[in-house]
Amino acid sequence: MTHPARPWNFSAGPAALAPEVLAQAQRELLDWRGTGVSVMEVSHRGRDFMAMAEETEQDLRALMGIPDSYTVLFLQGGATQHFAQLAMNLAGPEDRADYVVTGHWSQKAVQEAMPYVNARVAASTEADGFRSVPTQFEVDPQAAYLHFTPNETIHGTEFHHLPESGDVPLVADMSSDILSRPLDVSKFGMIYAGAQKNIGPSGLVLLIVRDDLLRRPGRPMADIFRYARHAERDSMLNTPNTWGWYLAGLTFQWIAAQGGLEAIGARNQAKADALYAAIDGSGGFYTNTIDPTARSRMNVPFRLHDEALDATFLQASAEAGLMALKGHRALGGMRASIYNAMPMQGVQALIDFMGDFARRHG
Ligand SMILES: Cc1ncc(COP(=O)(O)O)c(C=O)c1O
């Protein structure tokens, strides 16, 4: 379903939501579940909201196949707050933790954790300009956890394999790739994700934490920072982001209606393959210099052969109904974020535009 006046939105985040989700939210805005008011105007402790929250968690568990030994939390603070908070919860003050650094966000994750844990960079691809992901490295067997960022939103790299961490629990910031393909949750100690790419609006963070990690003593801290306290209160220790939680629920239903993560994963692979093929086949007009074995299926950065054409490209693409293609300010160039809500039709519109632009300016 596409509204004719809506552009194809390639924003990295907050990113496009499925039009079906937005339309349902619009329909329910003035009267949610027969309450006569919106979901934002009812108590989170009331029967209707509690039922919606429970359904949303069950839908997510079914989609991702989350084992019973994991707790699902719907919290706040953005992924950034949890860079620090996860270190407070999963490690004691004397503990060590290992980090894999593959770009902007994993670098930030290690920096923010440093006040709370002896964080060590176990592997980094900084030397190659963050164009790859490490395949082999040594993990400290005593580390409280190994943190990595499966998809680097800005640099456009993605792990296509899981880092080997032995008995050390894997902790993954999946802000920009959660729900983009099937995943074996049992391989992880903890998964967390800011909602604003594949889940819903910003201001909501999803956490999936293995119960033994939840029981770790961490360090002395206020209840509001302690994951176990949030778990005891079903993510309602304080007033949750009710609107975000509701939209996440609609998005989970939408993913199920698309055929679940198998179907979504196949679609995402086909979209990424088509876009990279267009870039690689442009005779050097467009380039993506990421190691082909580590290219992101969600965020596709690319450059024009002549930077002087960037402004013209951005203006012409916007006029053609292709929105938010400007690359991150740290890297320049272009970036097309093609999360779940971007259909192949939108990617094809971009590919057609790029081909046409290259013919006119080549
Ligand atoms: C992989 C990744 N981690 C963390 C963040 C930071 O998220 P937030 O702004 O919600 O703190 C982002 C950006 O949205 C991201 O792409």
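Each residue, glycine too, has its Cβ placed from N, Cα and C.
A quick note: this is a predicted structure, and the numbers were derived from the prediction, not measured.
Arg45 (L-glutamate binding site) carries neither a helix nor a strand DSSP state and counts as coil. Marked as L-glutamate binding site by TrEMBL: Arg45.
Per TrEMBL, the feature pyridoxal 5'-phosphate binding site maps to Ala79, Thr80, Trp105, Thr153, Asp173, Gln196, Asn238, Thr239. For the recorded site, Thr80 (pyridoxal 5'-phosphate binding site), the DSSP three-state label reads helix. Counted within 10 Å of its Cβ, the other Cβ atoms near Thr80 (pyridoxal 5'-phosphate binding site) come to 16, all protein chains included.
TrEMBL lists 8-350 with the feature domain 'Aminotransferase class V'.
What TrEMBL lists as N6-(pyridoxal phosphate)lysine is Lys197. According to its DSSP assignment, Lys197 (N6-(pyridoxal phosphate)lysine) is coil. Counting every protein chain shown, the Cβ of Lys197 (N6-(pyridoxal phosphate)lysine) has 30 other Cβ atoms within 10 Å.
Ranked by how many other Cβ atoms sit within 10 Å of their Cβ, the binding-site residues Thr153, Asn238 place Asn238 at the bottom.
Across the domain 'Aminotransferase class V' (8-350), the model assigns an average pLDDT of 98. According to DSSP, Asp173 (pyridoxal 5'-phosphate binding site) sits within a strand segment. Close to ligand 1, meaning a Cβ under 6 Å from one of its atoms, are these of the recorded positions Arg45, Thr80, Lys197: Thr80. Counting only same-chain residues six or more apart in sequence, the Cβ atoms lying under 8 angstroms from the Cβ of Gln196 (pyridoxal 5'-phosphate binding site) belong to Gly13, Pro14, Ala15, Ser175, Ser202.
The maximum pairwise C-alpha distance among Ala79, Thr80, Trp105, Thr153, Asp173, Gln196, Asn238, Thr239, the residues recorded as binding pyridoxal 5'-phosphate, is 30 Å.
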